[in-house]
């Protein structure tokens, strides 16, 4: 993403997300005390005392005014994610956090709502009050310029100050900048429920230097998991780089339930076809002169894998590719892919594979992983940077698309269906 497009995204992107998190059991409502309200809040309850029947944001009538238990006007919330490849940020097999944004129910939005609450020491605050959250952010909430602290400050100051349930008057004991702590803890908790990389991989949509996908394919894969449409954004080269998940919230951000919702505001920017999903770190790891924390890169060189991982299948014949299971066969009926162990060979280019069933070998043009395969008979495989290869080809074959509980035999000679297998490191 260019500096200009990233700046435009940060400064002007509509905020349309609401979260789906059940943070715990609501505390009993205390009706006796009438609590003072801040300039933007009209409330008689603290944010951790909201009633179970609090209305869903963007779905209440005008009579409900308790903005510590009802997010207003930013009643739609987005959890937004980045896929950075130029330069790359975060793990090679995970999207990263962009932010948690409140959007008005009509798609408009406010920003920088409380200058007096803006912060410039988020790392210090979280070190004291939420060190585990901070550690997670250092890996999954990355700035592509290398200044994570500045990025986090921007996100809270622009967006966090506009979430009504985080206002100081919504806390019985407002110490240690609890609004800041709750903002980042909630964003991280929500992000953990949205494993975009795995959801796309399960549908056969994997980063590649050559493959392209349709908007309908990507939307189908994400909607099947999220329950509603997701905003899918691309840069000027039609390279996917951002996802926006929308929610409404029942109760406060701190304690409430976040319910998936249809997007309001800006539509997806990716074209209908020809979408590129580029792999991270194709030009090597980040420069040692930057201030970013070190991040993992794909294990092994472009031609040699090492360690444990899973193989997801993609095919032009169907968008739900499935994966390889422990016997070396292709399965599309749901469930969990097998763990494969890649062991590098001394040639520095090839590797062997094994599963819980045993070593893997190509026998009579069929991929087979079994205890009957001796270690000395295990086949040598390769990796072209995107797909598994055998005998210098990244194309494997099947006689048909397996369905239900049927397992598809994987061939190395031409059959009716061409398939490719991409690696996800465990």
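Note that Cβ sites are derived from N, Cα and C of the backbone, with glycine treated the same way.
As written in TrEMBL, here are the features:
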type	residues	note
ACT_SITE	98	active site
ACT_SITE	155	active site
ACT_SITE	159	active site
DOMAIN	304-423	domain 'RNase T2-like C-terminal'
REGION	283-308	region 'Disordered'
TRANSMEM	20-42	transmembrane segment
Number of other Cβ atoms within 10 Å of the Cβ of residue 98 (active site) across all protein chains: 26
Counts by DSSP class (helix H/G/I, strand E/B, coil) across the domain 'RNase T2-like C-terminal' (304-423): 3 helix, 54 strand, 63 coil
Around the Cβ of residue 155 (active site), the count of other Cβ atoms that are within 10 Å: 22
Integer Å distance between the CA atoms belonging to residue 159 (active site) and residue 98 (active site): 11
